[in-house]
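Accompanying notes for the structure given below.
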Amino acid sequence: MKKRSIGEVLFDTINYIFLGLICFTMLYPMVYVIFASLSDPLKLMAYRGPLLKPIDFTIKAYKLLLNYPMIWIGYRNTIIYVVLGTTLNIFLTTMGGYVLSRKYLKLKNLIMFFIVFTMYFSGGMIPTYVVVQSLGMIDTIWAMIIPGAISTMNLIIMRTGFLSVPDSLEESARMDGAGDWTILFRIMIPLAMPTIAVMILFYAVGHWNAFFNAILYLRRRELYPLQLVLREILIMGDTTYMETGVSDADDRLALTRLIKYAAIVVSTVPILCIYPFLQKYFVKGVMIGAIKE
């Protein structure tokens, strides 16, 4: 085993310290929010210093929050938007990426130019709103799904994923009598699963965190996604329903802060649970280069 020099040891030590500090600055805010949401509201307000554990453990904020009807309405709507939206996103992005990756597609470069053009120059918020309104999608679930049906960046990534599959595989399949649909679903999509998994995560997180479109297009509160409910709680301070029975001003202020912490946890943790199911696709090897040309 080669003996490491002092310079190498010092370099690695500095890297570990630097990366450790970055991880700490990224993780501690979430840890703080979790611990704060499980703490006594009055003691938390009086506490000064880093929070390394819950203060006088309590789940009062979660009980109040989960008894708030709008939280469950927001969850229901967000799950609908995530499932329907991500399914449509993946279907259209996969179809588009496959077609654009075919060498025999006519005017392919011109089509790609117009697609990439939309990344830098869009119609703007007002024209988009007018289009959505003219299609009758205002105040419907489709306003949260259709306008963002395809992401240009994700379409380009998907196209690149299909381009990385050796042409020999497609040529062999065609010699065996396979058509475009067979090649797509039996060859291309299985080989592109790591890319598709990343697309699913990107689209699902985008739908889960979507709130600006909801502000623009939704009027009925029964259609609000979870993030818009969270916005009402965090920014607009809409916690009156949950503070019923609390008369003291300081108690109400402390409880409001605690509910806000709990709302952040409740809206964040579920989407984090998706990653373990997709992790294997991130590390799974793709059969690229299996056929050398």
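Backbone N, Cα and C atoms are what each Cβ position is placed from, and that goes for glycine too.
Predicted automatically and left uncurated, TrEMBL annotations should be read as such.
The model shown is predicted, which means the values in this text are computed figures rather than measured ones.
Feature annotation from TrEMBL assigns domain 'ABC transmembrane type-1' to 75-270.
Marked as transmembrane segment by TrEMBL: 16-35 (among others). Within the chain carrying the transmembrane segment (16-35), a Cβ under 8 angstroms from the stretch's Cβ atoms is held by residues 51-55, 261, 264-265, 268, all 6 or more beyond its ends.
For 79-100 (among others), the entry in TrEMBL reads transmembrane segment.
What TrEMBL lists as transmembrane segment is 112-135 (among others).
The transmembrane segment annotation in TrEMBL covers 141-162 (among others).
TrEMBL lists 183-205 (among others) with the feature transmembrane segment.
Among the features that TrEMBL reports, transmembrane segment is placed at 258-278 (among others).
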Which of 79-100, 112-135, 141-162, 183-205 has the most Cβ pairs closer than 8 Å to the transmembrane segment (258-278)?
183-205
Under an 8 Å Cβ to Cβ limit, what residues of the same chain, 6 or more beyond the ends of the transmembrane segment (79-100), are close to it?
108, 111-112, 115, 141, 144-145, 148-151, 154-155, 157-159, 161-162, 184, 188-189, 192, 196, 199-200, 203-204, 207-208, 210, 225
